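Q: Before we start, here is the structure in question, set down as structure tokens.
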């Protein structure tokens, strides 16, 4: 049996140096668990001249990825450099050279996972990606192994730390979106270009990965309906609170007889729901199984060491497979064909806040527009505004199909007394 | 490769019939994931004459365990009969005959785990026991694989559903222990003999299993300090609430330079702590890792299908190992020697409620007794009682060693004005 496993590292940023740190600090423990030692032979960096802290390390740095992908000594590639197309090329070349791959790259797995798995199957290589979803939370493993015997029907996740941090601060401190975003950027919790986070793309990628795994079905990023958090106002947060709800950016994936629907959108959750208490930059994934009922997995969704923990735990799995001669056996083709749910089959409750003229009969006109499509209301709040000619109206519907809701909304927009629809969010749980 | 795996079932009670149900309902999915079919050839029952619902099943029932342990067709034994000594004998015999074992039996694993593992190693057999701790929550797998690269320093768990149900009802409905217990027994949430649950033994067994795994250290049930919930009164719950805490029966396992300490005891947790919101019969395990920080795993701790889910997920792991020829490789000997923490090194905060005479200088006398041992207070509440000669006194200490606290308590008991110490609980978290 092989007693030393040699690793090539692609990327030496935050997570990369976390991987080096954990391999160094937990060396004995890893050797005890796997029966073999791990050496990082070389690391790909974009700029060799940049000063780095690698004291006592024997790792060679290179700017040429071929030095790693073609090095016959290297058994496993750990990819923590990010990026999509160029990174795909590198990894496919590495797999062709028989390297196993551990990656933290959600963008890559969400968009090219199938291609990578195919290559791995062909070359009997392992591909592990626990760190790509919810950082330090072992959610991929829990779905694949821990709940392997169950049929998963629903997953709900707070899978983006930046937006959860922003939503938490808005709710707790009463500060508006723009100010919190600015503060988060200064603190390093949000990128200087926050688009992928605040517009929901990052969360959508993670929900794509979870959906493929959890529902054993091929699934693409474009299948996810995505809405971001830019238009959530403090008014919405206050209305939600008043009704016993909190607003979170939630990824929801559902699978029933009518097919799968996956969305990422700001949603109202009852305060008693476990996901409502997930605050700051923490992540959590709620999983409903036919047999197990509800389970939740909570932890840090990002950060140097949490993410590196997931990467090194994957590396340990690969080490064990190498020692046992079972690499390339973990992947299972999706069992079911791709089937998206039609809009007419997607039933949700909606929260809606709008500005209407203060005239007799307005509420009746509005509820009539909804009643045409069979939409009825769970809660209604009407308030005065600074403008004495208008009123603010908050409506929460009972279950309604996406189809019917869109038609009702379209008719509503034609009504003269409806001045402006401020916001529409999904409502999850509750009565 | 083997295309059908044959299982022998020990026990056909609630969990046993759940296993049959899941294997039947999720047959295709399991075959898709593992590439092989599963048949339950025979099941051990205690009374053949009892009428049973096994429609369409080809499973043979027997009262003789040798029919199963010695059957050369059987590959895997699924043990869901419970019991300790007799069950150990049966399983050891099965292992000697080369059978792999999946068990849901926490009592057996907590008390004879080491012996069973040794036998399994000798005969190259698998032993899986996910269902033994926290039912449907894949906590064992998460600790072994998901956090494999991390060093776990603390685990806190609500791992007994019965006591958590009782504590939740007491707090929410203001009903006392005896009444809630009676109701829980009528509803089937508590056994007719509730001793193992309410006195903490069941939780202690689960914490023993988690400690061995999480700290990679040999550990015995007798090493756990156990206190049950019988003496928690509604008064304590109300005081705790007033101070911003909830009382839960918590298993706490800690590992630092001074060694390991494990206890199961009623503890005050800040309401903001994620474990505080775990209600009814739900379980949750909080895990702190050096690198990952805090993670939590939440779900149903018991019940027919949740427990059976864990059993069948283990069975799937064994099937994969059989197909890959890697059985008997999952177990790792503990890495560290057994080292318990001395009482003088165990620092906790304490909550204490007592009845004292209403005399001048009493509070001073009491705080003096504590000050002798360097114990100071975070919070103090003194109240009048129905008896005009006495007062009720609630003290919450800062961190104190078990040693010092016991000495102070001893001195306190000698003080004339101290009429009765009602309750002493651990306080976790907070300032």
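Positions of Cβ are set from backbone N, Cα and C atoms, glycine also.
Relevant sequence annotations retrieved from TrEMBL are reproduced here:
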type     : residues                                       : note
BINDING  : B:10, B:11, B:12, B:13, B:14, B:15, B:16, B:17 : NADP(+) binding site
BINDING  : B:106                                          : NADPH binding site
BINDING  : B:191                                          : L-homoserine binding site
ACT_SITE : B:206                                          : active site, proton donor
DOMAIN   : B:351-429                                      : domain 'ACT'
Q: By a simple count of other Cβ atoms within 10 Å, which of B:10, B:12, B:15, the binding-site residues in the record, is least packed?
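A: Looking at the binding-site residues B:10, B:12, B:15, the Cβ with the fewest others within 10 Å is that of B:12.
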Q: Can you list, in sequence order, the residues of the same chain other than B:10, B:11, B:12, B:13, B:14, B:15, B:16, B:17 whose CB lies within 8 Å of the CB centroid of the NADP(+) site?
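A: The surrounding set, listed in chain order, is B:9, B:18, B:19, B:43, B:80, B:81.
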Q: Per DSSP, how many helix, strand and coil residues does the domain 'ACT' (B:351-429) have?
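A: The counts are 23 helix, 35 strand, 21 coil.
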Q: Which of the three DSSP states, helix, strand or coil, fits residue B:11 (NADP(+) binding site)?
A: coil
Q: Looking at the recorded positions listed here (B:106, B:191, B:206), whose Cα lies nearest to that of residue B:10 (NADP(+) binding site)?
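A: Nearest listed residue in space: B:106.
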Q: Could you check which of the binding-site residues (B:12, B:14, B:17) sits closest to residue B:206 (active site, proton donor), going Cα to Cα?
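A: Given the candidates B:12, B:14, B:17, the nearest one is B:14.
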Q: Across all protein chains in the structure, which of the recorded positions B:106, B:206 has the highest Cβ count within 10 Å?
A: B:206
Q: With every protein chain in view, what's the tally of Cβ atoms within 10 Å of the Cβ of residue B:11 (NADP(+) binding site), excluding that atom itself?
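A: A 10 Å sphere around the Cβ of residue B:11 (NADP(+) binding site) contains 22 other Cβ atoms.
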Q: Identify which of the binding-site residues B:13, B:16 has its Cβ surrounded by the largest number of other Cβ atoms within 10 Å, counting every protein chain shown.
A: B:16
Q: Could you check the binding-site residues B:14, B:17 and say which one's CB has the fewest neighbouring CB atoms inside 10 Å?
A: B:14
Q: Relative to the Cβ position of residue B:191 (L-homoserine binding site), how many further Cβ atoms are located within 10 Å?
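A: The Cβ of residue B:191 (L-homoserine binding site) has 14 Cβ neighbours within 10 Å.
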Q: How far is it from residue B:14 (NADP(+) binding site) to residue B:191 (L-homoserine binding site), counting Cα to Cα, in Å?
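A: About 14 Å separate the Cα atoms of these two residues.
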Q: According to DSSP, which of helix, strand or coil covers residue B:17 (NADP(+) binding site)?
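A: For residue B:17 (NADP(+) binding site) - judged by DSSP and reduced to three states - the answer is helix.
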